[in-house]
Structures are given as C-alpha cells and as structure tokens.
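Lifted from Swiss-Prot, the feature list:
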- 232, 233, 234, 285, 286, 287, 288, 294, 295, 296, 297: geranylgeranyl diphosphate binding site (BINDING)
- 291, 293, 342: Zn(2+) binding site (BINDING)
- 2: N-acetylserine (MOD_RES)
- 1-33: region 'Disordered' (REGION)
- 157-199: repeat 'PFTB 1' (REPEAT)
- 206-247: repeat 'PFTB 2' (REPEAT)
- 265-306: repeat 'PFTB 3' (REPEAT)
- 313-354: repeat 'PFTB 4' (REPEAT)
C-alpha cells in the first residue's frame, strides 16, 4: 500500500509526542503578483503524504480533507500524482452496507462516513460496522471517485439512494445523518449533488426540496441556511446550485426571460455584488470581513446566474493574492497560515477567474469540469 493511503488513514496526523506549542503566523512579505502553482503543488503533495498535527481535531472529516487535496491536485493539473487504485479502494472502504434489503427500511442511511473513528469491530473476522454515514462525507466520497475517474456504477448506489430519502424531513430539508442533526440548505445541496452524480433522483423528493429552498430566500435576494435567517454566501450557493442541479433554473438567468423564474435573479445579483468589499474580496454576510472561500461561494452564484462579468476581477485577484501563502495554499485572511479548506476554495476561485494552467470549474458541483457528468 502506498504511503499516501497510510497517511490519510492513519490514527494520528503527526506524532503526539511532538511539541504542540502555539505559534504566531509569520509576517508575510509583499504578496506575489503571480499564482504560485509549483508551491501549491508542493503544499498539496505534502498534505497528501502527511497531515500536520493541527488537523487532529478534524479526524472525523478525513474524507473531506482528502477531497480538498485530491480535487485540488486535479485543478492544478496534477491528478496523475495520486495512486488512483489505492485512493479508490480507500474511499470505497468507507461505504456502509445494509445487512439485508429489509434493513433499508430501518431508517438508517447507508452512504459514506468520514473517518475510521466511527467504525467498530463486530465479529471474529474483524469486519467493521459502519454507523456514521453522513451526507457531506458521501458528497466528498463521490467527488473524489469522480475526480480520479472511478466508475460510480460499481458502488451500491441503490442502497445509498433508497436510504438517503430517510433523511429528508417533512419540510423538504435534510438531516445529515440518521441519528439526527441540523437541517439546513447545506444538506439539501449535498443530497442534490449526490443524486446528480449518481444520475438518479430516487433519493429525494425534488419538489419538496425546492419549496424548502425557496422558503429560505430573504427579502434582500440572498438565502439563509434556514427559513427566516440572515442571507449568507454559503447558503446562497447551496440554494442556487441545488436548484440548478435539480433543473429548476437554467443557465444565464439574467440574459434570459426571468419573468417565469422561480427566483428573482436581479435581486439576487444585487445582493451578491454588494458582497464584494473595498479590498476586492467577498464577504459572506453584511459587515463581515472578506474571506478567501467566499470568492468561490459568491463567485460561483454569479457565474450560475450569468452575472460574473460584473465582478471586479482585478480587485478580487489582488485580494486572493494577499491570502496566498509563501508555503503554498491559501489562508482565510491575508497574512495567516494556509489551510486545506481555504486553499481548495482559493483554487476554485482562481479557476472561476480563468487562471492559466488551472482546470476549468463546474460551479454547480464545485469540482473540476472534467469530473462533472452531464454538465
């Protein structure tokens, strides 16, 4: 087995004996004017081999971290630097399976879970019981498999989809896991993306999900995570991308007749454009600082509705460059250390900006276009 699979799946991200003292981010020199592709490759390859101890608290999210690394390498044109067979075997080991077909009616979700920490030996053979399938982990698992070119017809999609509908609530929202949890637009999006990637909508009631999404739209045109909540960049992305994946809104709403649209694209456009701050970056909510990840969350919404030409791209690029680390990767704010989450969405943002040498983006799925079926 390759070192990569061992490091991703190890019990510890780094030796616990290592000194874990706090340290302050280094003072950054003047930001580079160039997208440092080679440094980003080195950063992701380092993370692919060994996760630093700072990620110990995210042990439950190993699949998500792997998605950021492997999909990030694809954006950088380096998909072939991973052992696809080893990665596929590792990802597939996280799928839960029902004991029998009757088990599909027990209310559990048989998707993918995010970590070995939610598996437990249950018999003399050492087989593992999967008891923590999660919608977000399932999205990440399928995303990785698509990115490495794995045939999704080889997974037990029938059990996954039949059991996924157990998570949908009466109001159309989704729980992330069968033992309960928050219900909001994040998990509606995960469900829609899962159905889209598996090319089957048997796992959700689309009409009910659509109505829930529309109930989350605020007076200002944006969407909150739940009905009646403040408009938020991430929630707005989940709403618009879900509606697009489900086929309820088309391409380039602003250029087409919007009178028959189920949303008001002009009001949404205005809200999104107001999120670009004076420093060129995008904020997630009113009166919040600019943050690297919202260059994707808001930028992708504008791309989906046909309003991306109105982004001040030079200013956005300058902000993103200020968040580019000299070590590779991107930080949340200028001058901080990079992390995998903001690095990945930094790469997707630069793909939206059509940075030379990056793979094009499928904004609906947040994946490289070549990994997106039917787009």
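Glycine is treated like the rest: Cβ placed from N, Cα and C.
These figures come from a predicted structure and were not determined experimentally.
Annotated features, which come from Swiss-Prot, shown on the structure.
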residue	record	DSSP class
232	geranylgeranyl diphosphate binding site	coil
286	geranylgeranyl diphosphate binding site	coil
291	Zn(2+) binding site	coil
297	geranylgeranyl diphosphate binding site	helix
342	Zn(2+) binding site	helix
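Taking Cβ pairs closer than 8 Å, the repeat 'PFTB 1' (157-199) reaches residues 95, 97-98, 104, 107-111, 132-136, 138-139, 142-143, 146, 205, 208-213, 215-216, 223-226, 234-235, 237-239, 241-242, 245-246, 364-365, 373-374 in its own chain, all 6 or more past its ends. Remark: residue 286 (geranylgeranyl diphosphate binding site) has 230, 231, 274 as non-local neighbours, by Cβ distance under 8 Å and separation of at least 6 in sequence. Cα of residue 342 (Zn(2+) binding site) to Cα of residue 295 (geranylgeranyl diphosphate binding site): a span of 10 Å. Residues 292, 294, 295, 323, 330, 332, 341, 345, 346 surround the recorded Zn(2+) site, their Cβ atoms falling within 8 Å of the Cβ centroid of 291, 293, 342, which are themselves excluded. Ranking the binding-site residues 232, 288, 342 by how many other Cβ atoms lie within 10 angstroms of each Cβ puts 288 at the bottom. In the shown protein chains, 21 other C-beta atoms lie within 10 A of the C-beta of residue 291 (Zn(2+) binding site). Away from its own ends, the repeat 'PFTB 4' (313-354) comes close to residues 25-29, 31-33, 35-36, 39-44, 46-47, 55, 65, 67-69, 71-72, 75-76, 276, 279-282, 289-293, 295-297, 299-300, 303, 360-361, 363, 366, 368 of its chain (Cβ-Cβ under 8 Å, at least six residues beyond either end).
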